[in-house]
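Features reported for this protein in Swiss-Prot:
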- Gly62, Gly63, Arg84, Asn178: substrate binding site (BINDING)
- Lys27: site 'Transition state stabilizer' (SITE)
- Lys237: site 'Transition state stabilizer' (SITE)
Amino acid sequence: MRIDTVNVLLEALPYIKEFYGKTFVIKFGGSAMKQENAKKAFIQDIILLKYTGIKPIIVHGGGPAISQMMKDLGIEPVFKNGHRVTDEKTMEIVEMVLVGKINKEIVMNLNLHGGRAVGICGKDSKLIVAEKETKHGDIGYVGKVKKVNPEILHALIENDYIPVIAPVGIGEDGHSYNINADTAAAEIAKSLMAEKLILLTDVDGVLKGDKLISTLTPDEAEDLIRDGTVTGGMIPKVECAVSAVRGGVGAVHIINGGLEHAILLEIFSRKGIGTMIKELEG
């Protein structure tokens, strides 16, 4: 038992050395947010990353909590072309849940476990400048990222804080916009030229049939979308990953957030547990 523990530490050592001082952007969502054990393990993983000299930045989602709050308030969601319409009232609820509830819970839990976390949203210091997303028709205050101003993030991480970001952006029209958390995380990672972007999902990674694909180049990932291997909700995640890698991010990891300590298992072991997308070296 003791030698197993030593071997785990020895396996992690070269990765701890390699990533010391590097920035990781982690999208927290899916199973990791819903399962108490996974949620607790996520907090522990972030604290450990911080203590090993890595600079973690968290971007979180919260779709199910928004739906639950709307239900509690007796507001029926409206859908157009399969997408939720975010009118002004819905946007207020989105902001209340993401910024006022989920963000503060994550910050509190990190701080209780020895971190120095600060909660912000994309509106703060114009971190995320957004514009209306129109590819699905007019669905209200759903936005896409127009620009990221990362100065506030540099200030926080240089002063040893862990930024926790709710993906609510500010439009040049002064309106708040709800932004997909994967997209927000990818754009933030690109703006920082982060070493890694880690997307926590509800599945083990990119699958071919029931077999996990451990590594992909951006070109290979796009081929899997074209040939129908990658389908449904995994398509936008893979597209985000490809965009991030081509935008200067060292590597993107798509992993199952429902697996306890998924981040540590992916980052600090040779085999990993998910799919890594990166350019070929050399």
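Glycine too: its Cβ is placed from the backbone N, Cα and C atoms.
Shown on the structure are the features that Swiss-Prot records.
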| residue | record | Cβ within 10 Å |
| --- | --- | --- |
| Lys27 | site 'Transition state stabilizer' | 31 |
| Gly62 | substrate binding site | 24 |
| Gly63 | substrate binding site | 17 |
| Arg84 | substrate binding site | 19 |
| Asn178 | substrate binding site | 28 |
| Lys237 | site 'Transition state stabilizer' | 25 |
Would you mind reading off the Cα separation of Asn178 (substrate binding site) from Lys237 (site 'Transition state stabilizer'), to the nearest angstrom? 17
Lys237 (site 'Transition state stabilizer') in three-state DSSP notation: helix
Can you see whether DSSP assigns Gly63 (substrate binding site) to helix, strand or coil? helix
Using the Cβ center of Gly62, Gly63, Arg84, Asn178 as the substrate site position, which other residues in that chain lie within 8 Å, going by their Cβ? Gly61, Ile66, Ser67, Thr86, Val94, Leu98
Gly62, Gly63, Arg84, Asn178 bind substrate per the record; greatest CA separation between any two, in Å, is 14
Rounded Cα distance, in Å, between Lys237 (site 'Transition state stabilizer') and Gly63 (substrate binding site) is 16
